[in-house]
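Below is one structure; the comments refer to it alone.
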Amino acid sequence: MTYGDGIEKTVPELKSRTEDPENGDYLKLRGGSDEEEGSSGGCWIGSPTSVWFWVKLISLVACVGVLAFVIIKWIAPFLIEKELIPFIKWVRSTFSIPVLGLLLFASVALFPTILLPSSPSMWMAGLTFGYGKGFLLILSAASIGVTLPFLIGHLFLHKMQEWLKQYPKKAAILRAAGEGTWFHQFQAVTLIRVSPFPYMIYNYCALATGVHYGPYILGSLVGMVPEIFVSIYTGIMLRTLAVASDVRHSLSAVEIVVNVLGFCVTASATIVCTIYAKKKLSAMQSEEAETS
């Protein structure tokens, strides 16, 4: 467009977009090109450079901190005094440390095979043995816990394959783990373990996806490391609170702050790892769909 002073100015083109009638009929006017719109919109929700992203992240951490403070200060001592301390005293009076370690090892190794959660046993391992011995006990037992269902899956291989065919969308992410190179399978199995996918079901379905045992067992153990550390930390924190309650000694302000910060860091790290794993798995699933 040319004005009287001879200067040419370009008026941004107004483009209209009619949305799908199923989602509502309306007309949207916008100026500029598609590239400009793509670069200016959509970053305020989840982009790390957005102010709202940091506001939401800080709010989440603050809420987790307040919740941890309430639990550590009031709720946990009550439950520990009524339930945990009597249970710990019963366990220590009934079983010796070697026998208790053997029972915890057996439960972590066998419970996933019969679809029972092994988290309480991991907590108890952290409470009894701490980080070093507890980590070795849980990791070695977990290697058996993910191997047995993988081997048993041979007996139900045909049924598992038929089940995966009935739910193609849900099984797509599992099938992606059985494709590609050894490292690709290892990476996919690791992400599945970190993500909130029910790992006890995957133990039996893994063989039907074509994944090899090497990347399966290594990816499973690496992917379970965050869960193991969270479980051990939970057990150690329960032991700290149990000792404080048993000797009628309330936690000092420094001890409360340290426990709250530890809880926040552990919870935040778990959430970040889970979100990252979900995004990576979605990307792998999309790549698999485009390839097929």
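Glycine residues also receive a Cβ, built from the backbone N, Cα and C atoms like all the rest.
It should be emphasised that the depicted structure is a prediction, and the values quoted were computed from it without experimental measurement.
Residues or ranges marked as compositional bias 'Basic and acidic residues' in TrEMBL: 1-33.
Here TrEMBL flags 1-41 as region 'Disordered'.
Taken from TrEMBL, the feature transmembrane segment applies to 51-75 (among others).
Sequence-distant contacts of the transmembrane segment (95-115), counting only residues of its own chain at least 6 positions beyond either end whose CB sits under 8 Å from a CB of the stretch, comprise 121-122, 124-125, 128-129, 137-138, 140-142, 144-146, 148-149, 152, 199-200, 203. Feature annotation from TrEMBL assigns transmembrane segment to 95-115 (among others).
The annotation domain 'VTT' is assigned in TrEMBL to 116-236.
Annotation comment: TrEMBL describes 135-157 (among others) as transmembrane segment.
Non-local neighbours of the transmembrane segment (216-236) in the same chain are 119, 122-128, 130-131, 134-135, 138-139, 142-143, 146-147, 150, 185-194, 199, 206, 262, 266, 269-270, 273; each lies 6+ residues outside the stretch with a CB under 8 Å from one of its CB atoms. Annotated transmembrane segment per TrEMBL: 216-236 (among others), in sequence order.
If you look up TrEMBL, you'll see 256-277 (among others) marked as transmembrane segment.
This prediction places the mean pLDDT of the domain 'VTT' (116-236) at 86.
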